[in-house]
C-alpha cells in the first residue's frame, strides 16, 4: 500500500493545488492528491460529534471519515499502479536496450538503427506521458469551474508542471535505484544459487572421496593381507632354499673330500705301478741274464722257474693296480660331473634366492607404502569425521620394577586389523582390548613419536588450530614425551622437535614469499590458579602460599578464540630463544616429590605458539595456533602418600582431571550443555575440545603390574576421547591485520 514511499521512509510530497481532506469531491470532480501531513492528519484524526448519544451524527461522521480513507487508499493504489506500469514499461525498454546492445556487437549499422528505434520508442513514451500530464492539467482546470480564477489556475498549472517535471526526475531516479537493487538482488540470488550448487558438488565430491578412501583402505587392507601372506610364503621358500643350499654345501664339501682322497689314491697307485714296472723291468733283465747263464749252467733252472713265477705274480698285481686306477678315474669323472651339477644347482638356487630377496624387498616396500597410504587415508577420514585422535605410549620398565614374564600385564595383538594400533591389558585374569590411532611400544624412540605427529605440526603453519596434550597417571612419562631429557639431543621431546620443524619450514618457505611471526606464551594451572611462567617478576610467578598474586582471566571472543588477559607474550625468531624460554619456564614450574615419582609435575603446563604468516605475492594472511599441553598426572592418595601441600595439589589435580572427564563424557553423548566452566583447565581447553581444532591426545601408561588399575582407567578414558566428534577444523585465512594478543585457539 505504501509503495510510493521513498528510501528514507518519507511519503512523496503532493502536487500544488491538492484538495482539502475534508472535501468528498475527489471521486466526483477529478483526482485528489495527498501530502504526508494530510495522510498523518487523516490517520490521527479523531471523529468529533456534539453528543455521544447522537448515533446518526456519529454514523455520518464515521461514513465521511471512511470515504476519505477510501479516497486516500484509492489514491495510493492508483499511484502504485502508475509506478508499476512505468516500471514494467522501463523494464521492457531495458530488455530492448539489452537486446540492442547484444546486436550492437554484430553490426554497427544495425546497432544505430536499433538505438534509433529505442530512442523513438522512448520519445513516444515521453510524449504519452506529456499527453497524460496535459489531460491531468485540463481536468484540473475543468475542476476549478471558475473563469475568474483562470490566471491563478494557469500559474498553478505552471507550478504543477514544474513540480511534475521535478517529480518525474525523482521518480526516474527512484526507478533506476529500484532497478539497480533488483539487479543486485538477482545477481546475489544467482551467486547464492552458484554457491549452493558448488557446495552440493563439494559435498558430493567429499562424500565420493570418503567412499573412495574407504574402498582404497579396504583394497589396501586386502593388498596388505596378500602381501603379508606372500611375504610369509617367500620367507618359507627362502628358508627352504637356505636349507637346501646348506645341504648342497655340505654335500659339495663331502664330494670335494672324496675327490681329494681319490686323487691322492690315484697318485699313490701311480707311484706303486711305477715301482712295479721298475721291478718288472729289473726282473726281466735278471731273467734274461739268468737264462743266458742257464744255458751255461743248468744248475740254476730252479732259480729261474722261481723268478718266472714271481714275475707272473707281479704282472697280475700290475694288472689289478691298472684296473683299480681305471675304476678310480671313472669315479673321479663321476665325482667331477656330480660336482658340476651341484655347482649349477647352487648357482640356480643363488639366483632364486636373489630373486626372492628382491621380491621380498619389493613386498616390504609395498607394505610400507600401503601403511603410509592407510595412515594418510585414516587421518583424512578422522579429519572429516572431526574426531579427537588418540596415540597410546607405553613407557619401559624402570630399574627395580618387576620384569618377569609372569608379571607382564600388557600385550600387543598381532592381527592385521590391530597391528600397531591395538593394546591388551590383563587385570585379575580378565583381558581388556583397546584400539587407538597408534600404539607405541616401550622401545619406541622420541624420533618415532615425532614422525607420527609432524604433519599435524605442519597444519599450524598452514593456518589451523592444533592442540596436542599428554594424559596419564603420575610417573607414566608425560613430561618425558612432551619435554624430553635435557642435555640429550636424541631424547628431545615433542615441544623442542616441533619448534625445530617450524623454524626449518619457515626458513624454507621464504623462497615462496612467506614471512612468519611467532609468539610464545607459557603458563601453568596450579591449584586452580593460572601462573605466568615467563614473567620476570618472581612475586608475580609465585607467592609464599603458592598462589599467584596477579589474576589472569580467561576470555573467549566472538570468533571462538581464547585469550588470557595480562599473560606475557614473547616474540621469538629462533629455536635457541625458545629453548631459553623453556628452561626459564621449567625452573618456575611447580614440581614435587611423591611416593610414586621423584620429580612429579604438580600443575598443568600449557605451551602456546601463535603463528602469523603473510605472503607478499598473494597478499594472503594465515593465522595458526599450536598448543602443547603437559597435564599433571592423576594419582591415588593411598599410593602417593601425599600430605600437606602435596595433598592439596593432588586434590586440585584430580578435581580438574575429573572435570575434563565430565566434559569428554558430555561431548561423547552429544549433550546440549558441556560443563567447560567447571575448572580452569577445561575452560582453557574449550576451543580445543569443542571448536574447530585439530586435536591429538597422548595417553601414557606404565607397564608396572601394580599400576594396572590406573592404566585401565587411563585407557578407558582415552577410548572415550577417541569417540568424541568436535567438528572439522577450518583454515584461518584473511586479508586483514590480526590482533596482537596471543590466542589459545
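Note: Cβ is positioned from N, Cα and C throughout, glycine not excepted.
Curation plays no part in TrEMBL annotations; they are all automatic predictions.
Remember, it's a predicted structure, so these values are computed and weren't measured experimentally.
What TrEMBL annotates here:
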{"type": "REGION", "residues": "1-29", "note": "region 'Disordered'"}
{"type": "COILED", "residues": "252-373", "note": "coiled coil"}
{"type": "DOMAIN", "residues": "387-724", "note": "domain 'Kinesin motor'"}
{"type": "BINDING", "residues": "472, 473, 474, 475, 476, 477, 478, 479", "note": "ATP binding site"}
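Every protein chain shown contributes to the tally, and the Cβ of residue 475 (ATP binding site) ends up with 24 other Cβ atoms within 10 Å. For residue 477 (ATP binding site), applying a Cβ distance below 8 Å and a minimum sequence separation of six or more within one chain yields 393, 395, 700, 702. In this view, the densest Cβ surroundings among the binding-site residues 473, 476, 479 belong to 476, judged by other Cβ atoms lying within 10 Å. For residue 472 (ATP binding site), applying a Cβ distance below 8 Å and a minimum sequence separation of six or more within one chain yields 478, 631, 633, 634, 698, 699, 700, 701, 714. When other Cβ atoms within 10 Å of the Cβ of residue 474 (ATP binding site) are tallied across all protein chains shown, the result is 25.
The average pLDDT the prediction assigns to the coiled coil (252-373) is 76. Residue 478 (ATP binding site): 27 other CB atoms within 10 A of its CB, across all protein chains.
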